[in-house]
Amino acid sequence: MKPTTIFLMGPTASGKTDLAIQLRSSLPVEVISVDSALIYKGMDIGTAKPSKEELALAPHRLIDILDPSESYSAMNFRDDALREMADITAQGKIPLLVGGTMLYYKALIEGLSPLPSADENIRAELEQKAAQQGWAALHTELAKIDPMSAARINPSDSQRINRALEVFYITGKSLTELTEEKGEALPYDFVQFAIAPQDRHVLHERIEQRFHKMIELGFQEEVEKLYTRGDLNINLPSIRCVGYRQMWEYLQGDYDHEEMIFRGICATRQLAKRQLTWLRGWKTPIQWLDSLQPQQAKETVLRHLDSYQKG
C-alpha cells in the first residue's frame, strides 16, 4: 500500500498558508512548500513568505534553499520533494504539499523525462548568434522548431530561449516533445485540494491589498538590496518573479512608482489567472475549498481525508 500525501493548491493570495497552519494543528502532517519563489533566500516580502511566527507553528521545507543567483528546475524540485516526503513518511507522518507552482505538482505526479545536461559549446554558439542577430531572432527560430515552447517563452528571455534551442540541438527533439515523455510516476496516493475565493473579484481585491501591504513592509528596500549586489539581472528566474521584475524595472528607471505598483498588481492577477486555468484543467480529481469559509475548508479536508483513509 502506498503512503498518503496531501496537496493543497490554489492561486496566489488564496489563503493556503493559513489553512496549512490550521491543518497542522489537527493532523500528523509536515509541510513542504511547492513554490518557485519561496526557494530563494533574501526574498521574503515580495514572495509573501510565511512569517517567523507562522513557520514556528508550521515549519515549511524547501524554502530559503537557494541564493537568488541560482536556478532551480521542476526536476530539482521533484528530487528534493521526494526526499523530504520519504523523510516525513519515515517519521509516521503525512507530507502536506502547499503552494501554487502547478508545474512542480505536475512534475511530481507524472514524473519527468530526463533532459540533457548543458553543453557549453552549443550554449556559446547560441550566445554568439544572439549577439549578432538578437534574441528575438533566436525566438523566431525556436517558434519554427517548437511552437509550444516559443509561445510560453518571452522573446527577451534569453536564458529559456537558449535552453530550449540547446535541448533541440543536443537531442534532435523539441523541449515540448521531451517533457511530454512520462517519467517515473509518484509513489504515493495523493488527495488534492484547491482553495480560492468563489468570487474572482475577491481574489483581485486581496491581491491589490497584499501588494500595497508589501510596499508598506519594505518591499522596495528588499529589492534594492538585491539590485545593488551587482551579480543579479532581470533574466534570472528569481528576479523574474512576479513583483520583483516590476520593482527591478522601477529601480532601473523604466517607469515611475505608481506605474510600478499598477504593473505589479496586474502581473500578480495574471499569475492567479494562470494558476486557476491550470487547476480547472487538472487531470486528476480536486476537492475545491472556499477561501472565505476557512473553518469549513478545514473541516472539509479533515472529513475528506478521513473517508479516503478508511477506503
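Using N, Cα and C of the backbone, Cβ positions are placed for all residues, glycine too.
Using a 10 Å Cβ-Cβ cutoff, Thr17 (ATP binding site) registers 23 neighbours. For Gly10, Pro11, Thr12, Ala13, Ser14, Gly15, Lys16, Thr17, the entry in Swiss-Prot reads ATP binding site, with the evidence type sequence analysis.
For the recorded site, Thr12 (ATP binding site), the DSSP three-state label reads coil. Listed in sequence order, Ala48, Gly100, Ile207, Val242, Thr268, Leu271, Ala272, Gln275 are the same-chain residues at least 6 apart in sequence whose CB falls under 8 Å from the CB of Thr12 (ATP binding site). The substrate binding site feature in Swiss-Prot is assigned to Thr12, Ala13, Ser14, Gly15, Lys16, Thr17; the stated evidence is sequence analysis.
The region 'Interaction with substrate tRNA' feature in Swiss-Prot is assigned to 35-38 (among others); the stated evidence is sequence analysis. In the predicted model, the region 'Interaction with substrate tRNA' (35-38) has a mean pLDDT of 98.
Residues or ranges marked as region 'Interaction with substrate tRNA' in Swiss-Prot: 159-163 (among others).
What Swiss-Prot records for 240-245 (among others) is region 'Interaction with substrate tRNA'. Helix first, then strand, then coil: DSSP counts for the region 'Interaction with substrate tRNA' (240-245) stand at 2 helix, 0 strand, 4 coil.
Look at Swiss-Prot and you will find Thr101 (among others) tagged as site 'Interaction with substrate tRNA'. Taking a C-beta cut-off of under 8 angstroms and a sequence separation of 6 or more, Thr101 (site 'Interaction with substrate tRNA') has the following same-chain neighbours: Val34, Asp35, Ser36, Phe77. According to its DSSP assignment, Thr101 (site 'Interaction with substrate tRNA') is coil.
DSSP assigns Arg123 (site 'Interaction with substrate tRNA') to a helical segment in the three-state reduction. Other Cβ atoms within 10 Å of the Cβ of Arg123 (site 'Interaction with substrate tRNA'), summed over all protein chains shown, number 15. Positions annotated as site 'Interaction with substrate tRNA' by Swiss-Prot, on the basis of sequence analysis: Arg123 (among others).
Geometry remark: Ser14 (ATP binding site) versus Arg123 (site 'Interaction with substrate tRNA'), CA distance 40 Å. Residues Gly10, Pro11, Thr12, Ala13, Ser14, Gly15, Lys16, Thr17 make up the record's ATP site, and a Cβ search at 8 Å around their centroid adds Gly100, Ile195, Ala196, Ser291 from the same chain.
Close to Pro11 (ATP binding site) in the fold, though at least 6 residues off in sequence, lie Gly100, Ala196, Leu203, Leu271, Ala272, Lys273, Gln275, Leu276, Leu279, each with a CB less than 8 Å from its CB. Here Arg123 (site 'Interaction with substrate tRNA') is positioned 41 angstrom away from Gly15 (ATP binding site), judged by their C-alpha atoms.
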